[in-house]
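Q: The annotation NADP(+) binding site is assigned in TrEMBL to I6, G7, A8, G9, R10, L11. The NADPH binding site annotation in TrEMBL covers N58. Look at TrEMBL and you will find 3-100 tagged as domain 'Pyrroline-5-carboxylate reductase catalytic N-terminal'. Per TrEMBL, domain 'Pyrroline-5-carboxylate reductase dimerisation' is recorded for 163-270.
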Amino acid sequence: MSVGFIGAGRLAMAMAKGFIRAGAVPAENIFASAPDNLVGRAELRNIKELGIHVTHSNTALVSQSDVVFLAIKANVVKNVLEEISPFVTQRHLFVTPMAGITIKSVEEALPAETRVIRMMPNTPLVVGEGATVYARGEHATKHDGEMVEVLLSNVGWCFEGKEEYMDAVTGLSGSGPAYVFLSIDALATGGVKMGLSRQESLRVAAETIQAAAKRVLETGAHPSMLKDEVCSNNILGQSALSAIHKMEAGGFRALLMDAVEAGEDRTKELRRMGEVKNHVED
Ligand SMILES: NC(=O)C1=CN([C@@H]2O[C@H](COP(=O)(O)OP(=O)(O)OC[C@H]3O[C@@H](n4cnc5c(N)ncnc54)[C@H](OP(=O)(O)O)[C@@H]3O)[C@@H](O)[C@H]2O)C=CC1
Ligand SMILES: O=C(O)[C@@H]1CCC=N1
């Protein structure tokens, strides 16, 4: 199976590296199309070092690939689909990770009965971890879905969901790693303020987040119950409860809920951007 990425940006390269590292797709079966303006840029050297094939032609990439990931931004999708449409055949499966862009809009821009799957991954798949939710279009078969699921399961957890939730998934897990990176940085900075070295503090913060996530996944327990395990009820303890009181007073949980909602709202705006040719935001 040959895998192509239209757009050789951050997500595409994370996926390509993740697939190669996991042994899911050999580098020689991976293609990426990068615009001409990448020539001479450091990104192109990094991409070439991966050993994948790089072209400056989206249409050549389509001709070379069985599975085509649309790893571009919403503002160029209309033009790109118009450009490649004459080169699309029944051989192709299109997978779109684009925030906000619906399956229907991709299907309508490509030849009738083109098989399309929409998915929302996240970039930690570069290290073989992460969460991907996908939804099948009208013509994508169960087998197509299983194929995507097997491929993405090499680089994290992947499951089929409903397209109507995909904007919310974008606000939750597509963008989620950024919220967690921010949290790790903030926790580590707190440690530094209390006298730890930056390096130690960062490691302790990252290991703590990883361990807590693992505990949720392995026990299947409600996070509030696990929180109670950490918080001593005894008046002689309560250092965790004192900290949590501060977090609640600062609206910590409401802030994270608002973040997911804001991510979803912006994703819906991106959908409108995708409806216009070469949209440029003011
Ligand atoms: N980054 C993430 O964490 C995630 C991203 N996504 C989605 O993935 C998509 C890509 O995001 P991301 O990788 O972050 O964005 P990037 O901007 O890093 O990558 C997009 C790439 O597309 C290239 N490009 C622009 N126009 C064209 C064209 N006409 N033909 C081919 N390539 C073109 C850009 O080149 P140039 O820079 O030269 O313009 C750039 O390299 C988005 O739709 C996003 O919503 C989904 C989940 C997570
Ligand atoms: O911010 C973005 O556009 C993308 C969508 C999900 C994560 N990053």
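Placed from the backbone N, Cα and C atoms, the Cβ positions cover glycine too.
TrEMBL entries are annotated by machine, without manual review.
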Q: What is the nearest of the binding-site residues G7, G9, R10, L11 to the residue listed as 'NADPH binding site', using the Cα of each?
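A: Closest by Cα: G7.
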Q: Compute the centroid of the Cβ atoms of I6, G7, A8, G9, R10, L11, then list the same-chain residues not in that set whose Cβ lies within 8 Å of it, in sequence order, for the NADP(+) site.
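A: Everything else in range on the chain: F5, A12, M13, A32, A71, I72.
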Q: Among the binding-site residues listed here, G7, G9, whose Cβ has the fewest other Cβ atoms inside 10 Å?
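A: Comparing Cβ neighbour counts within 10 Å for the binding-site residues G7, G9 gives G9.
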Q: Would you find the one among the binding-site residues A8, L11 whose Cβ has the most company, meaning other Cβ atoms within 10 Å?
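A: Neighbour-count leader: A8.
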Q: By the DSSP assignment reduced to helix, strand and coil, which category contains R10 (NADP(+) binding site)?
A: helix
Q: What's the most sparsely packed of the binding-site residues I6, R10, N58, counting other C-beta atoms within 10 A?
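A: Among the binding-site residues I6, R10, N58, the sparsest Cβ neighbourhood within 10 Å belongs to R10.
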Q: Quick one: DSSP breakdown of the domain 'Pyrroline-5-carboxylate reductase dimerisation' (163-270) into helix, strand and coil?
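A: Going by DSSP assignments, the domain 'Pyrroline-5-carboxylate reductase dimerisation' (163-270) contains 90 helix, 0 strand, 18 coil.
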Q: Compute the average pLDDT of the predicted model within the domain 'Pyrroline-5-carboxylate reductase catalytic N-terminal' (3-100).
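A: Result for the domain 'Pyrroline-5-carboxylate reductase catalytic N-terminal' (3-100): average pLDDT 92.
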